[in-house]
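Student: Mind looking over this structure? Questions follow.
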Amino acid sequence: MAPPKPSAKGAKKAAKTVTKPKDGKKRRHARKESYSVYIYRVLKQVHPDTGVSSKAMSIMNSFVNDVFERIAAEASRLAHYNKRSTISSREIQTAVRLILPGELAKHAVSEGTKAVTKYTSSK
């Protein structure tokens with residue numbers, strides 16, 4: 001699932017430049033989706049007085065995308081092995097345990113479980 005439109009301070013704004021092609025019709029540039037807004041929010045929760053450069057934000061965004069793709073691919077593989085057509089929280093949890101090392105996996109699983117519980121209780 002891709003993140004929604006960026007809106008917070010400190011995030012890179014998407015290009016809204018309107019170009020005029022040969023046929024005379026206006027075309028808008030596609031918006032580049034990123035996790036920069038959410039990375040910035042987490043940074044401000046952890047270190048309110050610390051900033052982040054655009055290069056560092058780009059690296060963090062690449063990192064989040066990479067981890068997301070690895071977990072999604074592993075969860076997809078697990079669902080296929082078990083002849084399931086739906087990826088559930090169980091597949092995601094198992095994928096996280098397989099991909100992330102030791103203590104990091106334990107923390108990720110507990111935070112994920114907490115997030116799923118919060119989401120289901122709010123419905």
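Yeah, the Cβs are placed from backbone N, Cα and C, and that goes for glycine too.
Not measured: the values here are computed from a predicted model.
Heads up, here are the entries from Swiss-Prot:
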- Lys118: ubiquitin cross-link (CROSSLNK)
- Ser110: O-linked glycosylation site (CARBOHYD)
- 1-32: region 'Disordered' (REGION)
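For the listed features, I'd like the structural context: burial, neighbours, distances.
Tutor: Around Lys118 (ubiquitin cross-link), taking its Cβ as the centre, 9 other Cβ atoms fall within 10 Å, counting all chains.
Its own atom aside, the Cβ of Ser110 (O-linked glycosylation site) has 10 Cβ atoms within 10 angstroms in the protein chains shown. In the three-state DSSP reading, Ser110 (O-linked glycosylation site) counts as helix.
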Student: Please report how many Å separate the Cα atom of Lys118 (ubiquitin cross-link) from that of Ser110 (O-linked glycosylation site), as a whole number.
Tutor: 12
